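Annotations per Swiss-Prot:
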{"type": "COMPBIAS", "residues": "502-512", "note": "compositional bias 'Pro residues'"}
{"type": "COMPBIAS", "residues": "604-615", "note": "compositional bias 'Basic and acidic residues'"}
{"type": "COMPBIAS", "residues": "692-702", "note": "compositional bias 'Basic and acidic residues'"}
{"type": "COMPBIAS", "residues": "716-726", "note": "compositional bias 'Basic and acidic residues'"}
{"type": "REGION", "residues": "1-23", "note": "region 'Disordered'"}
{"type": "REGION", "residues": "389-522", "note": "region 'Disordered'"}
{"type": "REGION", "residues": "537-702", "note": "region 'Disordered'"}
{"type": "REGION", "residues": "714-829", "note": "region 'Disordered'"}
{"type": "TOPO_DOM", "residues": "1-34", "note": "topological domain 'Periplasmic'"}
{"type": "TOPO_DOM", "residues": "56-103", "note": "topological domain 'Cytoplasmic'"}
{"type": "TOPO_DOM", "residues": "125-159", "note": "topological domain 'Periplasmic'"}
{"type": "TOPO_DOM", "residues": "181-233", "note": "topological domain 'Cytoplasmic'"}
{"type": "TOPO_DOM", "residues": "255-272", "note": "topological domain 'Periplasmic'"}
{"type": "TOPO_DOM", "residues": "294-311", "note": "topological domain 'Cytoplasmic'"}
{"type": "TOPO_DOM", "residues": "333-338", "note": "topological domain 'Periplasmic'"}
{"type": "TOPO_DOM", "residues": "360-829", "note": "topological domain 'Cytoplasmic'"}
{"type": "TRANSMEM", "residues": "35-55", "note": "transmembrane segment"}
{"type": "TRANSMEM", "residues": "104-124", "note": "transmembrane segment"}
{"type": "TRANSMEM", "residues": "160-180", "note": "transmembrane segment"}
{"type": "TRANSMEM", "residues": "234-254", "note": "transmembrane segment"}
{"type": "TRANSMEM", "residues": "273-293", "note": "transmembrane segment"}
{"type": "TRANSMEM", "residues": "312-332", "note": "transmembrane segment"}
{"type": "TRANSMEM", "residues": "339-359", "note": "transmembrane segment"}
Amino acid sequence: MDPLEARQLIPAAPGSDDEGRTSRARLCQAVNLPANGALVMPNGEVITLTAPAAFKPACAPNTTPAIIAGPGGTTGAGVDDAAHVGPQFSDLSDPFYASTFPQCYALAATTVIAYTLVIMLVITPRSFLDGGIVVLGRRGFTSGGSGHGIIGGRPWLQKVAALTVAISLTIATADTFKVAEQQYAFGLQNARELQDKVLNGTELKIIRIISDTFLWLAQAQTLIRLFPRQREKVIIKWTAFALITFDLIFDSLNSFQFPGPGNSRPGSFTDAIPALSYLFQLALGVLYAAWVIYYSLMKKKYAYYHPQMKNICFVAGLSLLSILVPVVFFILDISKPEFTGWGDYVRWVGAAAASVIVWEWVERIEALEREEKRNGILGREVFDGDEMLETDSDATWPQRSRATKGPHGDGDDDDDDGEGGRRIAVGDGTGRRRARRANGSHDSLAADSGRGRNHTQLWTSIASRYRSRPNNGADVSETEKDNTRQTSKNVRPAAARFLQPPLWPARPPPAATPVSRTDTASADSTVYAIRYHPLTDVHSRTTTRPTPPPQLSTERQSAVVDVSGTPTAVEDVRSHDQPSGSQSASPSPPRDQQSPGPPNLVRLSREETRRERRQSLATTSRTGTRVGPDSDDPSASSQQGGESSRGSESTAAKGWRTLAQTLPFRGGTARSAEDSSDSQSTTSKSRSKLQVSREGKSDRWDLRNRMEDFAVTQAERIRERIRPTPDTDSLPVTVIPAPARRGAALAQLLEEDESRQGSGRPRPQDDERPILGSPTLPSSGQRQNSMGPEPLSSNDDLSDSHIPPPAVVRAASRANTSRSTTRDRPPEP
């Protein structure tokens with residue numbers, strides 16, 4: 001408050017009446033005397049005012065004038081007794097819209113709105129329509145809100161922003177009451193001084209910077225949700241990050257390095273930093289408003305009015321009002337600076353409402369759009385510019401580091417091109433964890449394989465984690481490995497491309513004709529490791545693999561076959577190797593005498609599968625005494641069976657008996673529940689034993705893997721305790737028989753024939769059994785041919801041409817009936 005100027009209030013000596021009228025006209029003005037002022041009387045007495053007072057000259061009327069504080073602290077209430085009667089006020093005070101009353105009311109209203117927004121964000125999510133549930137995909141900044149797929153779920157950025165705004169306005173309200181109380185004690189009302197003292201508080205400056213940051217981030221996330229194209233999402237994200245960073249820097253400098261009453265209005269800027277801070281705030285607000293209005297115009301069919309949701313017009317009005325607040329107050333700052341004494345509080349809560357209400361508006365628009373398009377074509381919008389986000393095939397197969405040594409510690413880089421190296425996806429945390437586990441287990445298993453042990457463990461671990469790698473043998477000597485490595489260097493690019501296709505292939509070109517399932521890139525370039533399961537009918541749809549190098553031994557090929565690690569697969573390898581040694585005793589076509597060319601990793605063809613079924617039936621009926629299903633001499637067959645099953649009689653009987661009991665074409669015969677339970681228990685026991693041995697040998701020092709397995713086990717136990725598995729054993733069971741399959745009569749005929757042969761009757765010759773030489777059940781020559789260098793074509797599958805006609809089946813049935821009748825007839829004397 002400005003001090004009073006020294007002037008003469010009371011004349012020193014009375015003069016004439018003319019002089020008195022002149023001085024009265026000059027001094028006829030009421031004067032406000034502030035507190036702690038001193039009045040000096042003519043006799044030298046000094047009077048100190050303990051409270052504000054008013055001096056009334058002699059010309060003043062009897063009525064008491066009103067005391068109104070002006071900008072300088074003094075206000076004159078001049079009264080001319082000749083012209084007017086009554087109190088008169090000067091125009092030196094602030095207008096009402098710039099006084100303390102509108103400021104206090106605006107602050108109270110914005111505080112209530114801020115807390116209302118917080119309550120809206122924390123209430124229970126709800127859905128607007130039954131079929132209008134919006135699913136936003138995975139969590140993340142560029143993928144929407146909380147990611148739960150329920151309308152009403154809010155992102156945490158909006159919650160934090162609304163909460164910080166409510167806290168900031170609460171602090172501003174408390175400071176405003178303190179300053180207003182001080183002014184009331186002095187009898188003053190200064191709105192600008194009140195606002196400057198409140199906004200220049202240190203606590204409010206800090207919380208305001210934090211609140212503004214979260215507000216801009218929440219608005220950026222809302223904009224990202226509006227546009228579905230990934231390119232637009234990325235552009236919005238990085239543009240918003242840049243503008244928010246600059247705004248944060250300049251706002252901090254403006255608050256702490258350039259404090260002052262003239263740094264908040266455009267017309268009173270004296271430095272560049274306050275102007276830049278105001279410019280970035282205005283740019284963020286205007287850009288957000290422009291993009292939201294553009295989105296509403298694109299969705300004008302649902303945005304402003306819809307018959308299924310008539311209150312959407314109210315939400316649209318609130319959204320437009322909240323996003324236009326920065327533009328409106330920018331115009332007011334330029335035109336009427338005094339009017340916006342309380343505009344900062346409105347901008348504050350308007351930014352929070354612009355994010356929350358617009359999010360609600362967008363959810364309603366998407367709900368209406370999904371409800372209307374629910375019966376349309378299923379799928380996802382694909383844009384032309386999204387190819388830029390696809391991963392290149394070269395980037396997904398990074399070369400192994402030179403510091404990483406090979407399985408035998410030689411440290412060479414032979415596997416860097418993709419033939420034997422480890423391959424994981426770039427940027428995938430799960431892939432990196434799996435690769436670390438695979439590295440430890442692969443190194444330990446390779447050390448064991450160098451000593452000629454754990455073939456099953458080695459190939460099971462590799463087949464379960466990687467593609468097929470034919471150069472990682474189990475029982476190959478060092479010389480053979482060097483030769484193989486030297487040979488592979490000559491054909492490295494083609495072999496690498498053939499054996500290691502990219503995990504994420506590029507988008508195929510649009511095809512004008514239907515896609516051929518046999519003429520695809522996957523069938524020509526992918527090598528699959530197939531695990532044989534007795535309950536599935538495996539058909540080979542892969543093309544011919546190239547013949548392996550001649551350095552590969554028989555033990556290596558047998559090790560490649562063993563990919564499942566079960567006793568059944570081990571016995572399968574032995575049964576494959578056994579007939580090769582007895583080919584000289586049985587006649588076969590010239591094609592059958594050829595050496596088995598490709599390894600048995602991928603080849604489980606149709607003839608081989610049928611041969612396995614037939615051999616399993618023969619082994620089951622004869623309890624391991626017969627090896628070749630098409631042997632002509634029973635004595636020779638028994639001799640061969642004794643030689644082949646001498647070392648593994650018990651394992652073969654158990655494995656093949658289990659396989660025969662679980663074959664799918666034996667569904668026509670009645671099987672008891674005990675047999676099924678026994679087979680399942682045998683298989684589970686063998687798998688559990690193999691798993692225990694594998695974990696005990698390869699993962700002994702893999703502490704991280706063991707800790708993760710322990711955590712998973714404990715989590716499963718806790719989940720079972722919280723939500724136990726429902727008891728389904730007591731529920732009624734209805735057995736629905738399967739429909740008759742094509743070839744069921746043939747299978748039944750074969751089973752009856754095998755049962756008669758197992759009961760001790762002489763076995764008919766192959767020329768008397770036309771059915772057994774059919775393509776459905778291959779003979780020994782066909783079985784050898786299926787493993788030879790001429791495999792079946794990828795276009796071959798089960799069709800009607802491979803199934804014998806009903807006439808042949810009936811003829812075979814009559815022939816078998818006549819033979820059985822002849823055999824049962826007593827011999828003639």
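The backbone N, Cα and C atoms fix where each Cβ goes, and this holds for glycine too.
Please situate the listed features within the shown structure.
Per-class residue totals from DSSP over the topological domain 'Cytoplasmic' (294-311), listed helix then strand then coil: 9 helix, 2 strand, 7 coil.
Summarised as a single figure, the pLDDT of the topological domain 'Periplasmic' (333-338) averages 76.
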Go through the chain and flag residues at least 6 beyond the ends of the transmembrane segment (312-332) whose CB is under 8 A from any CB in it; none is fine as an answer.
266, 281-282, 285-286, 288-289, 292-293, 296, 302-306, 339-340, 343, 346-347, 350-351, 353-354, 357-358, 360-361, 364-365, 368
Which bits of the chain, at least 6 residues beyond where the transmembrane segment (234-254) starts or stops, bring a Cβ under 8 A of a Cβ in it?
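Residues 141-142, 209, 212-213, 216-217, 219-220, 223-224, 227, 263, 273-274, 276-277, 280-281, 283-284, 287, 291.
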Taking a Cβ cut-off under 8 Å, which residues six or more beyond the ends of the transmembrane segment (339-359) line up next to it in the same chain?
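Those are 97-98, 102-103, 106-107, 110, 113-114, 117, 120-121, 145, 154-155, 158, 161-162, 165, 168-169, 172, 191-192, 195, 199, 208, 211-212, 215-216, 218-219, 221-222, 225, 264-265, 285, 288-289, 292, 315, 318-319, 322-323, 325-326, 329, 332-333, in sequence order.
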Restricting to the same chain and to residues at least six past its boundaries, which positions have a Cβ under 8 Å from a Cβ of the transmembrane segment (160-180)?
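Those are 100, 103-104, 107-108, 110-111, 114-115, 117-118, 121, 193-194, 197-199, 201, 203-204, 207-208, 210-211, 214-215, 217-218, 345, 348-349, 351-352, 355-356, in sequence order.
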Helix, strand, coil residue numbers for the topological domain 'Periplasmic' (333-338) per DSSP?
5 helix, 0 strand, 1 coil
Please give the sequence-distant neighbours of the topological domain 'Cytoplasmic' (294-311): residues at least 6 beyond its ends with Cβ less than 8 Å from one of its Cβ atoms.
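For the topological domain 'Cytoplasmic' (294-311), the far contacts come to 128-129, 226-227, 319-320, 361-362, 364-365, 367-369, 371.
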